[in-house]
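Asker: First, the structure itself, so that you have it in front of you.
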Amino acid sequence: MNVVRLAGGRSVLLRPRAAAVGTGLVLLAAAIGVVSIGSGDYPMSPAEVVRTLTGGGDPAQHFIVNELRLPRVVTALLVGAALGLAGALFQSLTRNPLGSPDILGFTQGAAAGAFLAVVLGGGSLALAGGAMAGGVLTGVVIYALASRGGLHGYRLVLTGIGCTAILTGVNGYLLTRAQLMDAARAMLWFTGSLDGRGWEEAVPLLAGMAVLVPVVLLGCGRALPVLEMGDDLASGLGVRVRRLRLVLLAAAVLLTSLAAAAAGPVAFVALTAPQVARRMTKAPGPNPLVSMCTGAALLVGADWAAQRLFAGHQLPVGVLTGLLGGGYLVWLLIVQRRSGRI
Amino acid sequence: MSAPASAQELEPRSSGERPPAARTALRAAGLVGSLLVLLAVLTLSIGVGARQLSPGEVWQGLVDSQSAAHAVVHQMRLPRTLLGLLAGAALGLAGGVMQALTRNPLADPGLLGINAGAAAAVASAGAFLGVATFDGYVWFALAGTATVAALVYAVGGGRGATPARLALAGAALNAALYSYVSAVMLLEAASLERMRFWTVGSLASAQSTTVVKVLPFIAVGLVLALALARPLNALALGDDSARALGARPALVRTAAIAAVTLLCGAATAACGPIVFVGLMVPHLVRALTGPDLRWMFPYCAVLAPVLLLGADVLGRVLARPGELQVGIVTAVLGGPFFLYFVNRAKMVGRS
């Protein structure tokens, strides 16, 4: 950990290990992305993929890469990054490694919105919009319920659990009201899938992240570790706790909802990415940037594996992350229990 | 397990100044009153539906095979009502046992992921082994329930767990298990068609055969749970005191988990996962009886079906001519109760 002093009395904290890990993850994600683009019914070598991406290649390759396969990989990278960042923020705000959108109820909220859109007979645009609205609305409700008399980590988590239980009931009801075809479509969406994602899914997500990520990383990045030390200490160090928390919570909810609108609520990426990042960087406190990179690498890798794992059978990526994340979660619960952190 | 030297010493002294005899009489009268309420709700549950029956017609339909209402009552409403009675008693009592065992006011079979364990096991059995009848999957449900009950108890920290920690461990397992269930439903459209109705929690598909089959499991669970009231009372004083009073803590805990498994596993296999009944009922009952489990458990077993059947009737009345599944009604009713509970500062502690 080195402090670099700049002119004018400003200073920047450099963490060589975090920087190395982050760079490594970005390269890994890019490598998996290239391999993923290259594999399929029309296989291409990584060199061909890179040449096509940089403007070379013949028209057929150009069409396959830029129109068919690149959007899916870009969506995977963006969704993974958004979920990784949102998870880091939630875990930091609740001061709990289990504070993830899966457990706090946003997943179910987004699903309720999406199911409602399906039951009312909307297309895929309505589905994405419903997911977005449902996630944000759930966030507002949970915040309103949990923030009376100051927001506490555990109260936020428990309020989320209560809302999840209610919404699970509502979702089950909506699912029974739908036709079987619609129910299957809603379930597929609810599991989280990147099948057939095009630029129209990637672009809104990219636009949202272009606004939210700088706000979080540049605007709040310094104050976030201080916030973890407790409200009193943070106030003493000059952090405006209430406002900061509201901004971070809003950003995390928006990121989760945007990601859900693009790919469905892919399970457990938001939970695992920050934990994996923390273990790799061995740095204390939240690691928003590295968590983003981890999430992106994780999701693009999981999507690639889910397409190849069973020959002739494409799994939705959410099944794989759900199973991996579920196992990881149980392990985490046991380890954290031993060290008394949960 | 020998009886404590004096029952007086075990009597928690929290419910005011009345002498013990008067208190006992009052509690017994309350239990009789609760049974009357239950009777009224049972009549209501048989009477309400597409064709309304008056209490007199319900009685005629029950006993007189010539009456016009006989077919409706015996073939449709009675199985459903009896299943609600059994499942309600099972879930309420399971909640009571869990809250006593974990000394945790937030314990509920739905919230702690135990019903989800049964759901995951049933989903696997249906999708991979082709098990589609209650006979087959009740065993899977029991196995799933037992696994998750033991896991959440161990992971959540056993006796030392704070309410929030246990709820969190349960929520995590819930999320993991339901993501598995939805993956299974997705991979096989047939199980989606079957499971999407089952996972909501409903009494609608009740048949008299289901009632007969679920009865032994729940009966054994009920007897076991009621027998555990006294040792669990002792356990509330801490392990050392309990041992001094003649209870064997390890045995009691194992038996309590077994009772929860039987009750929840059988109820979930029959009607699907239903949340919040096990949370709400013990709290409402505790306000009536005080913390003595020897009174609490019978009250739970009587009043939980009142809640479940009441919710079922409400679901039928609200969404005429269709119906809202009972699991949805209890979730929507119970959720605010849980939120109110969480927002009382005591529950959250320091955090």
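For all residues, glycine too, the Cβ spot is worked out from N, Cα and C.
Look at TrEMBL and you will find B:1-21 tagged as region 'Disordered'. As annotated by TrEMBL, transmembrane segment applies to B:28-50, B:82-101, B:113-131, B:137-155, B:167-190, B:210-229, B:250-276, B:296-314, B:326-342.
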Asker: Under 8 Å between C-beta atoms and at least six residues away from its ends: which parts of the chain pack against the transmembrane segment (B:210-229)?
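Answerer: For the transmembrane segment (B:210-229), the nonlocal Cβ contacts are 79, 82-83, 86-87, 89-90, 93-94, 96-97, 134-135, 138, 142, 252, 255-256, 258-263, 265-267, 269-270, 293-294, 296-298, 301.
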Asker: Out of B:28-50, B:82-101, B:113-131, B:137-155, B:167-190, what stretch is closest in contact terms to the transmembrane segment (B:296-314), meaning most Cβ pairs under 8 angstroms?
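Answerer: Counting Cβ pairs under 8 Å, the winner is B:82-101.
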Asker: With CB pairs under 8 Å as the measure, which of the listed stretches B:113-131, B:137-155, B:167-190, B:250-276, B:326-342 comes out on top against the transmembrane segment (B:82-101)?
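Answerer: Counting Cβ pairs under 8 Å, the winner is B:250-276.
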Asker: Counting Cβ pairs under 8 Å that sit 6 or more residues apart, are there three or more between the transmembrane segment (B:250-276) and the transmembrane segment (B:167-190)?
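Answerer: Contact between the transmembrane segment (B:167-190) and the transmembrane segment (B:250-276): absent, because fewer than 3 Cβ pairs are under 8 Å.
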Asker: Mind checking which residues of the chain, 6+ beyond the ends of the transmembrane segment (B:113-131), have their Cβ under 8 Å from one of its Cβ atoms?
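Answerer: Non-local partners: 137, 140-145, 147-149, 151-152, 170-174, 177-178, 180-181, 184-185, 187-188, 191, 194-195, 198-199, 260, 264-265, 268-269, 272-275.
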